[in-house]
Amino acid sequence: MSVKTFAAIDIGSYELAMKIFEVSKVRGMREIDHVRHGIDMGTETYTKGKLSHERVGELCRVLREFADIMKSYQVEDYVAYGTSAIRESENRSILLNQIALRTGIQINVLSNSEQRFLDYKSIAFQGEGFLKIIESGTAILDIGGGSIQISLFDNDTLVSTQNMKLGVLRIQEHLNQLGVSIRHYDRLVEEMLAPQMNVYKKLYLKDRQIKSIIIVDDYISTLVKHKMNDGVANGFVDKKKMEYFLEICHTKTLTELAKALDTPEENMPHLFIALKLVKSIMDDMGAEQLWVPGVTLCDGIAYEYAEKNKIITSTHDFEKDIVACAQNISKRYRGSKKRSETLEKIALTIFDSMKKVHGLGRRERLLLQISTILHDCGKYISMVNLGECSYSIIMATEIIGLSHMEREIVANVVKYNHLEFDYDEESGSLSTLDEDSYLKIAKLTAILRMANGLDRTHKQKFRNVKIALKEDELFITVDTEADITLEKGLFGARADFFQEVYHVRPVIRKKRIP
Amino acid sequence: MSKAGYENPENYSNRELSWLLFNKRVLSEARDKNNPLFERLKFLSITASNLDEFFMVRVASLKDMVNAGYTKPDIAGMTPTEQLLALNEATHDLVDKQYLVYNRSIIPQLKTNGLRVVAHHEDLTEKEAAYVDEYYEENVYPVLTPMAVDSSRPFPLIRNKTLNIGALVRKKDGKGELEFATVQVPSVLSRIVEIHTKNPSGNTQEKAVILLEEVIERNIHKLFLNYDIVCAHPFRIMRNADLSIEEDEAEDLLKEIEKQLKKRQWGQAIRLEVEEGIDKKLLKILVEDLHVRQEDIYRIDGPLDLTFLMKMYGLPGFDHLKEKAYAGPQPVPELPADCNIFEQIRKEDLLLFHPYESFGPVVEFIRQAAGDPDVLAIKQTLYRVSGNSPIIAALAQAAENGKQVSVLVELKARFDEENNIVWAKKLEKAGCHVIYGLVGLKTHSKITLVVRREEDGIRRYVHLGTGNYNDATAKLYTDVGLFTCASYIGEDATAVFNMLSGYSEPLSWNKLSLAPLWLKDRFLFLIGREKENALAGKEGHIIAKINSLCDKDVIEALYEAGAAGVKIELIIRGICCLKTGLPGIGENITVRSIVGNFLEHSRIFYFENGGKPEYYCASADWMPRNLERRVEIMFPIDRPELQKKLMTILQMQLRDTVKAHILTPSGAYEKVDKRGKGYFNSQLEFCNMAVQAAKKQELLVNSRVFIPEMHHE
């Protein structure tokens, strides 16, 4: 039987959810069960820094039940991810260990960008509908408990993503502290959002035309599925309908509203905030319609799993998104596109010809590619402290699709392209990383340095380069008439590091012109 | 007419009075000479036990309201005090009618048919008397506990619903005061005492019986040896001793009662039944000591507590006086014995109509699931199950076989609590996950989910019903049940059980509608849609077959739809607070009630929907308690063949001329005028149909001609 049963668990800031899927090559993904338990972990983490004893108890109890449910479906594999409520808790390692011991469920923590990427993946896996919508200007608005995330598409590629700490729970927490009634939410949410949106518009949105906004959240999705969707196919909502809904929210009492929308009354403030956020952002961007595909993080987790295990493939190229994001960042910091392209070409050629030696995979190749794209972004700030500045920029910029660790690898590769490699594994700047990552950084840095050295003069003399590995030597054959004295001269030190890492000596050769 | 027009309480009937009308319809079956004599005994007995329950639950509840000073009027605009007043009159009238039937037709008829019921011990022949006295000495006397009252001994506790004999006694030695004495007629002994004597008249056919209280009365002097018995009469009381507050009542009432808890008179006697002609002094003592109001005294012209008639039904030797026309439950053609039920359900959805079709497959469904190695989980809601339930046994077996078994056991099911706890514990011991009901809600839905791992992934098999998973009542109640493995129902069923386990509601439902969350709105929507269609000039048509209708919002919606021209045919067994023949509606709304050999219990709904009819079945009636305080499920029937089956059921019931009563605009129920319509007993016809279908299948199986399969699944 080629059907696999898989469970995806999402430990969110206000809900624990588990979806059971059947995954097979023939039938794709099939949702079997969806269990949700409302639990407000966000408020405690955001205000006190950690979860209370009782909350942890509840969390463990429900997770144990989840484990039982998994057992009853004979689930073969599962992935459990914690998001901001776990991520932001001070004692998260202790917490996760305790949960693992008490429930047997191993939770991994998602960085914000990983989480958003999974959400994004689950949207992209909607297939046709998604491909069609991103043909024209599209933004994804991902509303969570702690923060919201806005991602922009250019043509059909995701080019930027920004996080704002304006999650539904967080906003409500603020409003609670102000002690205002829900009647005033409208204005206050607007006021909290406006300054951030102004900056966002100036820096990121610029003159992009956004026609559609794709919504990922829990409240509006429920609403759309239940009520807004009569006559509207597949979760599309236009501006008029949005206005109508906000209007209803203004004219009805909470109780009436909860009844009319089939939503528990205590969720109404959240729904209201979410609606208000969406409406304001819709107005700010001048978007005409919303698409609410109703996907959840659990879907994303499952797609990731199915993709990783080569059970299904997406029609959308996610690596292209990551590359496009990196290019966009480079552009923002006035990186040289031409030079990046040369570097990329050389570096990847070296990488490919060294496959047997470095033993790295496709993902690391992508990291190398991104490193070449971002190799000089720090120049924007300081031409002297290029390494440090690049590192800081990369670490502070979200690249959707990269995990935190991957981002750190890229940042370090770029950094040590310019700086002396820090070998100190005990107390050096790389000492916080695990050995695997440390080695990846070393290996990728060695390649990037080589490539950088070959293009020292930025004249793209080494654009046409042939590289061949012969035993302990890497022959780099350049097809150029230009003078490469400088490159050859500066090559030594870089070659030493390369040899140190790979035990392979690079040798430059100039192709004889007949 | 404007909407406001129908809000007027005048347009609604009081539910208690409507219930009494239902009991009257049952009584009319006892009176009906077309019914076999012993069936009539049964019906009469049912009216008595019905009335007892009515007092304990409904009248007690009204008394609570009055005691709590609650004055909110009901749907018909009557305050609790007014309701009690009206009920009192109607109940007295009903009781009078009961005994009229008993004395005028049942007893003489029994005698004609060879069963002599000796009404008074004074009527016994010498020989009979001797036999009775001996019976008393040997069997009765040892279990009696006589109690006398005097200044040193307080008035004894008279237990709820028990039959007692009260007596006035006087010390033998003189002119002492009259004293009150009482003795409970022991419930451990049979109320009916058969008198086994050789009949001197040579008529060996005749059987004679006497009631236990007469036997005791005859010998009561033996209990109070030092006393003279001045008089002795049976009496019976009903107390307001129900500790739980009725779920039907408004929440504000609950608060009110909580506040006034002290005012509530625990154990207050709310009905006193005495023999007609009871000694005045004796009655006075009872009334004073039991604090009974005058209007709550029922003077009975005959034996108290007619439920003994059910026992009489069981007397051997009278089978020829019992109903034979109705065949027993028939095998379901699509589910032959020894078939693999899952395989059959995979072929097509199946709709079973009990009790005409056997309930066996439902039990078999769970039994097969329990033993099937591919089954991963079984989940079920249980409301009332039979004493030795094969379903419970199968569930326990499944758990022992390592399947995940979750059972929601409703402990709040009235009168069944103790029984439920016992087997719930049994299930838990076997390893089932048992949920003991939901806080604040009664789980009334009937749903079973079997999760099976098959070649191409997980498949869910669902059974949804209108009746309880009770193999005993399934032989007496009419219910429908659906077997399906449609994925959209399976997904919903999973979501139902997730909710029952305390998880959040699903983001959306495919096909099922649940109370208390969405069901009422769904009904209002469906009724409203018919109205809109009628207003738009399309045909509007609703047929609903339910047990009770007393939800005001639903009735109002029906009125509006009826006024808009929707044809509404209601088949309502019991309570109906809707009135027919209102101005502006006229004959658009008709109500009929079928009270027959089987207890009508299924809930079936038909909506015309502008030419694309929709069919539903549900566990819920149109009562506020069903729609607002219970977990109920309504499920659609989508397959055309099954829709046809449902339509046949509805149409045959609408055609019934034998067991149907029509609600007239005056508020009374009248039997159908048979002129020009012929004799049509729907329940009997259902039986015949089931028999024929089963026979056809049997012929098919036993045929010696091989029938080639033309299709391969």
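Our numbering is plain: 1 for the first residue shown, then up by one each step along the chain.
In case you wondered, yes, glycine gets a Cβ from its N, Cα and C as well.
Predicted automatically and left uncurated, TrEMBL annotations should be read as such.
Of the residues B:TYR436, B:TYR461, B:TYR469, B:TYR477, TrEMBL puts just one in the ATP site with B:ASN50, B:ARG573, B:HIS601: B:TYR477. Looking at B:ARG384, B:ARG573, B:HIS601, the binding-site residues in this record, the fewest other C-beta atoms within 10 angstroms of the C-beta turn up around B:ARG384.
Same-chain residues at least 6 positions away in sequence with a Cβ under 8 Å from that of B:ASN50 (ATP binding site) are, in sequence order, B:ASN23, B:VAL26. Sequence-ordered, the extra residues of this chain that approach the ATP site, with Cβ no more than 8 Å from the Cβ center of B:ASN50, B:TYR477, B:ARG573, B:HIS601, are B:ASN547, B:GLY574, B:LEU599, B:GLU600. In this structure, of the recorded positions B:HIS444, B:TYR477, the smallest number of CB atoms within 10 A of the CB marks B:TYR477.
Rounded to a whole number, the distance between the Cα atoms of B:HIS444 (active site, phosphohistidine intermediate) and B:ARG573 (ATP binding site) is 19 Å. When the alpha carbons of B:ARG384 (Mg(2+) binding site) and B:HIS444 (active site, phosphohistidine intermediate) are compared, the span between them is 9 angstrom. Counting only the Cα atoms, the space from B:HIS601 (ATP binding site) to B:HIS444 (active site, phosphohistidine intermediate) is about 13 angstrom. Site extent for ATP: among the recorded binding residues B:ASN50, B:TYR477, B:ARG573, B:HIS601, the largest C-alpha separation is 16 Å. The domain 'Polyphosphate kinase C-terminal' (B:340-505) scores a mean pLDDT of 88 in the predicted structure. Distance between Cα atoms for B:HIS444 (active site, phosphohistidine intermediate) and B:TYR477 (ATP binding site): 16 Å, as a whole number. Mapped onto three states, the DSSP output places B:ASN50 (ATP binding site) in helix.
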